[in-house]
Amino acid sequence: MNVVLKQRIPLKIKRMGINGEGIGFYKKTLIFVPGALKGEEVFCQISSVRRNFAEAKLLKINKKSKNRVDPACSIYKECGGCQIMHLQYDKQLEFKTDVIRQALMKFKPEGYENYEIRKTIGMSEPEHYRAKLQFQVRSFGGNVRAGLYAQGTHRLIDIKDCLVQDSLTQEMINRVAELLGKYKLPIYNERKIAGVRTVMIRRAQASGEVQLIFITSKRLDFDDVVIELVREFPELKTVAVNINASKTSDIYGQITEVIWGQESINEEVLDYGFSLSPRAFYQLNPKQTQILYSEAVKALDVKEDDDLIDAYCGVGTIGLAFAGKVKSVRGMDIIPEAIQDAKENALHMGFTNTHYEAGKAEDVIPRWYSEGFRANALIVDPPRTGLDDKLLNTILKMPPEKMVYVSCNTSTLARDLVTLTKVYHVHYIQSVDMFPHTARTEAVVKLQRKE
């Protein structure tokens with residue numbers, strides 16, 4: 001290694017990495033510099049030395065990129081949640097398309113050099129797009145603060161005005177923090193593993209309805225807090241408590257109880273309505289979700305005699321978009337409340353050709369196949385960890401004729417394509433910017449079974 005810790009070096013940034021950092025070479029050593037942009041000449045200090053690379057802190061920009069902008073966020077550098085807010089937005093979209101190429105080059109699935117990778121679809125107004133927040137709460141000198149941990153640390157950043165967060169949910173979390181302090185509710189302490197640890201607030205774009213979850217180590221009396229919140233925010237329709245007394249980093253425990261209001265809120269996508277219970281997954285960016293799901297529907301190109309599996313179905317949002325176009329839809333999800341929502345949503349929409357089960361895709365689909373069910377269309381929307389090996393093996397043994405992979409992690413997507421391209425051709429990859437100003441992107445992949 002040609003660098004040492006705390007060494008200060010000049011560096012020319014050759015490209016950007018998948019996490020939005022600048023990448024350069026110093027005496028043949030690969031250096032990652034968060035905050036630096038392609039084409040810039042910088043002065044930086046080595047902050048970490050690894051076996052094959054080093055990381056550095058940006059100290060000074062000697063030659064600035066013409067694509068650099070000044071982030072409007074006052075805590076941009078301190079927070080670290082929006083890794084590329086300093087990059088002009090149209091260039092962010094180009095970067096996200098390139099991230100897909102980088103992932104493919106790393107894993108090299110069959111034929112990757114010839115994949116059609118379409119330009120990333122962006123937002124006309126890429127601010128205040130996050131309809132859901134999950135803020136940690138901590139007490140400092142008797143003052144309750146809500147926010148996120150600074151990237152790579154356990155230091156809480158008090159966030160009062162996030163530029164990517166829905167304005168109403170931000171206003172509500174600010175008030176929640178005040179009320180938790182006012183009524184002296186116990187706030188989470190990592191030594192005692194007790195108190196309110198996290199607050200989730202989600203707003204439905206279509207109805208404007210809001211739901212709130214207090215995640216706490218034990219049941220507490222939130223009555224006074226709820227009374228004030230309901231009086232001040234008429235949009236609030238559901239308040240729930242989730243019990244998580246574990247010492248793990250998992251946000252949620254197994255028990256969720258609605259303590260005030262209705263069981264779910266109402267949302268819409270692709271011109272149909274559905275219900276969302278507090279624990280059910282739904283995309284963070286409702287506006288771009290319309291585009292993402294439209295692209296998924298277009299890519300799968302179903303026929304009326306198709307039998308479709310909607311893996312990782314959540315509340316059924318993607319699968320129900322197909323229910324009126326196919327013979328049958330089957331879906332599964334690991335969250336029982338989401339499956340109950342999916343069943344109720346299908347019933348509300350008048351569909352009798354749907355079937356939903358709680359369970360893991362890698363367990364449920366092989367069982368369905370062993371029972372004789374066959375699907376000729378498959379859509380998967382897995383978590384960032386990608387597809388489980390057991391599910392991949394099931395797909396290889398009995399591949400549906402057509403498949404769409406909706407990915408939120410380009411690295412695990414490229415990894416899974418190594419396996420999937422043994423039986424499928426990749427027609428194209430369409431990325432959609434669900435998270436402006438961050439290094440993350442979503443992608444819709446159209447796959448067709450090889451003959």
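One is the number of the first residue shown, and numbering goes on along the chain from there.
Every residue, even glycine, has its Cβ placed from backbone N, Cα and C.
Quick look at what Swiss-Prot annotates:
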type     : residues               : note
DOMAIN   : 2-60                   : domain 'TRAM'
BINDING  : C73, C79, C82, C162    : [4Fe-4S] cluster binding site
BINDING  : Q283, Y312, D333, D381 : S-adenosyl-L-methionine binding site
ACT_SITE : C408                   : active site, nucleophile
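Locations of recorded Swiss-Prot features on the structure.
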residue	record	DSSP (3 states)
C73	[4Fe-4S] cluster binding site	coil
C79	[4Fe-4S] cluster binding site	helix
C162	[4Fe-4S] cluster binding site	coil
Q283	S-adenosyl-L-methionine binding site	coil
Y312	S-adenosyl-L-methionine binding site	coil
D333	S-adenosyl-L-methionine binding site	strand
D381	S-adenosyl-L-methionine binding site	coil
C408	active site, nucleophile	coil
Inset, instruction - Compare the C-alpha of C408 (active site, nucleophile) with the C-alpha of each of the binding-site residues C73, C162, Q283, D333, and give the closest one. - result: Q283
Inset, instruction - Give me the mean pLDDT over the domain 'TRAM' (2-60), rounded to a whole number. - result: 96
Inset, instruction - Check each residue in the chain of D381 (S-adenosyl-L-methionine binding site) that is at least six apart in sequence and keep those whose C-beta is under 8 Å from its C-beta; list them in sequence order. - result: A311, Y312, C313, G314, I318, V406
Legend entry - Per-residue Cβ crowding (10 Å cut-off), top of recorded positions C73, C79, C162, C408: C162
Legend entry - Cβ atoms near Q283 (S-adenosyl-L-methionine binding site) (within 10 Å, other residues, all chains): 21
Inset, instruction - List the other residues in this chain whose Cβ sits within 8 Å of the Cβ centroid of the S-adenosyl-L-methionine site residues Q283, Y312, D333, D381, in sequence order. - result: F281, C313, G314, T317, I318, P382, P383, V406
Legend entry - Longest CA-CA distance among Q283, Y312, D333, D381, per record bound to S-adenosyl-L-methionine, angstrom: 15
Legend entry - [4Fe-4S] cluster site shell beyond C73, C79, C82, C162, criterion: Cβ within 8 Å of Cβ centroid: P71, I75, Y76, G81, M85, I159, L163, V164, H437
Legend entry - Euclidean distance between Cα atoms of C82 ([4Fe-4S] cluster binding site) and D333 (S-adenosyl-L-methionine binding site), Å: 29
Inset, instruction - Round to a whole number and give the Cα-to-Cα distance in Å for the pair Q283 (S-adenosyl-L-methionine binding site) and C162 ([4Fe-4S] cluster binding site). - result: 18
Legend entry - Cβ atoms near D333 (S-adenosyl-L-methionine binding site) (within 10 Å, other residues, all chains): 27
Inset, instruction - Any same-chain residues 6+ apart from C82 ([4Fe-4S] cluster binding site) with CB under 8 Å of its CB? Would you list them in sequence order, or say none? - result: P71, C73, Y76, L163, V164, H437, T438
